[in-house]
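Engineer: Structure incoming, see below.
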Amino acid sequence: MSQDDTPRVLSIQSHVVHGYVGNKSAVFPLQVLGFEVDSINTVQFSTHTAYKHIKGYVLNNDQMKELVEGLVLNEVDYYTHFLTGYSRSPDSLREIAKIIKQLREKNPNLIYVCDPVMGDNGKMYVPEEILPVYRDVLVPLADILTPNQFEAELITGIPMKDLDGALRVIQRLHDMGVKTVVLSSTDLGDEENMIGLASTGGSCYKIPIPKVEATFTGTGDLFAALFLAWSHLTGNDVKLALEKTIATLQSIVVDTYQTARASHLTGKIPPRFTELRLVQNKTVIEDPKIKLKAVKIN
């Protein structure tokens with residue numbers, strides 16, 4: 001049992017030496033918001049994969065099992081939350097499913113937040129064999145699921161061309177056993193805004209997310225971590241958690257874009273200038289100012 005009431009998270013996802021994706025995007029905000037975070041890195045790369053040269057290595061299953069075994073043997077395997085993101089192999093996802101069940105033996109009330117990282121904008125960047133493992137093994141174990149539009153469509157097999165399609169996708173995910181479904185970003189035809197959606201207990205909320213004309217990496221990882229945090233801190237008030245998450249994310253993205261554009265007035269901005277400015281926005285993470293309100297749609 002934990003020695004105090006501090007929430008404790010085990011986060012299993014990617015790691016980069018430079019920049020902010022995976023655990024580098026998730027751990028700092030969670031710590032700033034008062035969570036103890038232990039992290040296991042499914043990959044360790046020098047940078048994220050939008051850079052020209054990729055160096056690093058992948059954690060294999062035996063190594064992951066050994067790390068978890070050490071936590072168990074030393075009796076430091078009590079967690080309130082479990083967060084997963086990018087993983088490159090179906091076997092590693094199956095191992096993660098075993099870890100979830102193991103952690104729930106220690107804490108039956110463990111909250112599992114699953115970010116089913118598979119791709120974006122119609123393109124997969126993990127092996128196709130990962131999809132059925134997410135769909136059939138991990139998603140049914142999740143308390144909170146935070147896919148983007150493409151990932152939600154892959155998992156359910158339902159296209160999402162409008163709000164009705166999005167609601168069908170959400171209901172299908174609920175039917176698969178997920179208590180809280182959060183679509184981190186959907187493009188439903190609005191030229192100016194993406195739409196964020198959150199649904200739990202028969203209530204669904206939507207919130208506009210103004211588009212920023214640049215490509216950022218690590219925003220989904222940050223979204224999942226923030227939603228985990230604010231769900232806990234608001235007593236599972238999904239509307240407020242969504243508003244706080246979007247307020248934080250949008251402030252960081254806009255600040256990152258404006259800073260990058262100041263040194264690149266025209267053309268595409270190189271990846272090293274669009275790394276999320278998390279440290280510079282520590283106060284935003286601690287106390288986000290809500291400017292965009294979520295609206296109940298059913």
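Glycine is no exception: its Cβ is also placed from the backbone N, Cα and C atoms.
Since the structure is predicted, the reported quantities are computational estimates derived from the model, not experimental observations.
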Engineer: Of the candidates D77, D91, D115, D287, which one does Swiss-Prot list alongside N148, Q149, F150, E151, S184, S185, V212, E213, A214, T219 as binding ATP?
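Structural biologist: It is D115, as the record lists it for that site.
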Engineer: In DSSP terms, helix, strand or coil for T146 (Na(+) binding site)?
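Structural biologist: Where T146 (Na(+) binding site) sits, the three-state DSSP reduction gives coil.
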Engineer: List only the single closest residue to Q149 (ATP binding site), chosen from the recorded positions D120, Y125, G220, D221 by CA-CA distance.
Structural biologist: D120
